[in-house]
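Enquirer: What TrEMBL records for 81 is active site, phosphoserine intermediate. Annotated Mn(2+) 2 binding site per TrEMBL: 28, 81, 471, 472, in sequence order. The feature substrate binding site is assigned by TrEMBL to 140, 170, 171, 206, 213, 286, 287, 288, 289, 361. The Mn(2+) 1 binding site annotation in TrEMBL covers 430, 434, 501. Per TrEMBL, domain 'Metalloenzyme' is recorded for 20-544. Here TrEMBL flags 102-322 as domain 'BPG-independent PGAM N-terminal'.
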């Protein structure tokens, strides 16, 4: 059914009035965990969020933000910002990237599809290059998926395979890169024993090589291009295991930031630059950190850096990374088709919408919120504002990030009374939490809380309503824990810092002078997740949600 044929009119809610300004605030990486010194949200001064938690017990609760609640395969899968914002905006749970890839690999359909057949044309004469994050973190990619892809490619005619690895240390423990490289080398050895010329060709740390996002720093992608395509890097090794071990010996070395390296043969020649006639697959299933490389591989009129040499290749993504840009044009697994998002419904029902974040999360509060769709549904009804993120530094250097600027934009939008919904993402807890810097993350949490206060004060002035929530956990637990929940130590007796997202639930709070009397959280949706928030927000705008949405979290008690 095309969008023009969908009945967009929402029924009015029988007990909730229309016309109040609703602020929807998403605190990125803000989970709920036991209070201790490694819980940066607990340690930080967060009076605004504390007041929401303590203020009205029937207007504050927790919801699930990981695993099956956001469409991921298992309860061991941590949530992330993409699936979180998909669920927040869509109001329903869709099978997400990793799960779709798992199904396609398990059934073998991935090797029969249009995308695989497209790259297969190169197998006779050319090399198949696989580029992606070497990790079992399950946020951007998974080692077992790469292993199945390698095996299937070998069985389906690939004669020469080169893998370009990006080390993790962000969604998994720093230092785990060596084990992953050893596991991959073992798989490649088995392929070689079956007559496939398969080896690792290049590598580097994910935050320094290739995996930038939202065009924050094209230098990151260029370093990857030079190693992967041109076969040039400052570090040359004859073995990837040796490369990672040696590069980790440098003081303060970290898997996330390993410099680029290429693998060379005994004569010093790179073993796997990408050349005319080759096929390339980026095997990450998550989109955000693959889009920039996809542009460099696919766009003819590319001007972000000098590519020096642009090989004529056949390129496919594991998934299509941007549905609006149709990028890449070829992909191995089709993405979830998310239609009829809450944002689209509300715009069709006269809700004027303002959305804002800084660069690193702007796509989340717009593109992902709107069901992996770029742009406005109706530019006359919506305004999207992107504040440029700091570039060229790690986020712990300036942990306040742009929280104040985002809050100011939101405040001005609320006070202008031009908008019915003002939606923001405050990235601090997540982006600074990922650096593993506990002191900086504490500062980041305070900055996000200050921003919340500014937005809530504005809502107070206009008699509006607020919904404050998060997309997944991160800053609330900064250490790896053993089975008894105690901080885990490394072999030198040091605490093992956790830089990844968590499996913790996230808060959702409602309130404001515009909230109708008697509105409270229901007690009969105990296992509610992020997808339930869409219907909740629709109710607070005075509408009933569509019948196939996850149930609302609110009810109106008869006083």
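Glycine is no exception: its Cβ is also placed from the backbone N, Cα and C atoms.
What you are looking at is a predicted structure, and each value in this text was computed from that prediction instead of being measured.
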Enquirer: Just give me the nearest neighbour of residue 430 (Mn(2+) 1 binding site) among the binding-site residues 140, 171, 213, 289, Cα to Cα.
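Expert: That would be 171, nearest by Cα distance.
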Enquirer: Let me know how many other Cβ atoms fall within 10 Å of the Cβ of residue 289 (substrate binding site).
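Expert: There are 25 such Cβ atoms around residue 289 (substrate binding site).
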Enquirer: Is any of the binding-site residues 28, 213, 287, 471 within 10 Å of the residue listed as 'active site, phosphoserine intermediate' (Cα-Cα), and if so, which, in sequence order?
Expert: 28, 471
Enquirer: So what pLDDT does the domain 'Metalloenzyme' (20-544) average out to?
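Expert: When the pLDDT values over the domain 'Metalloenzyme' (20-544) are averaged, the result is 95.
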Enquirer: What subset of the binding-site residues 28, 434, 471, 501 lies within 10 angstroms of residue 171 (substrate binding site) at the C-alpha level?
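Expert: Passing the 10 Å Cα cut: 434, 501.
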Enquirer: Within 10 Å of the Cβ of the residue listed as 'active site, phosphoserine intermediate', how many other Cβ atoms can you find? Include all protein chains, please.
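Expert: For the residue listed as 'active site, phosphoserine intermediate', the 10 Å Cβ neighbour count is 28.
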Enquirer: I'm trying to understand the geometry here, so how far is the Cα atom of residue 140 (substrate binding site) from the Cα atom of residue 471 (Mn(2+) 2 binding site), in Å to the nearest whole number?
Expert: 16
Enquirer: Find, among the binding-site residues listed as 28, 171, 430, 471, the one whose Cβ has the highest number of other Cβ atoms within 10 Å in the structure shown.
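Expert: The residue with the most neighbouring Cβ atoms within 10 Å is 471.
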Enquirer: Need this for a regression test: binding-site residues 213, 287, 289, filtered to those with Cα within 10 Å of residue 501 (Mn(2+) 1 binding site). What's left?
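Expert: Correct set: empty; none qualify.
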Enquirer: Can you grab the distance from residue 471 (Mn(2+) 2 binding site) over to residue 434 (Mn(2+) 1 binding site)? Cα atoms, rounded to a whole Å.
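Expert: On Cα coordinates alone, these residues lie 15 Å apart.
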Enquirer: Out of 213, 287, 289, 434, point to the one nearest residue 472 (Mn(2+) 2 binding site) in space (Cα versus Cα); all of them are binding-site residues in the record.
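Expert: Nearest in space to residue 472 (Mn(2+) 2 binding site), counting only the binding-site residues, is 434.
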Enquirer: Within 10 Å of each Cβ, count the other Cβ atoms, then let me know which of the binding-site residues 140, 213, 434, 472 comes out lowest.
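Expert: Ranked by other Cβ atoms within 10 Å, the binding-site residues 140, 213, 434, 472 bottom out at 213.
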Enquirer: Return the count of C-beta atoms lying within 10 angstroms of the C-beta of residue 287 (substrate binding site), excluding that atom itself.
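Expert: Cβ-Cβ neighbours of residue 287 (substrate binding site) within 10 Å number 25.
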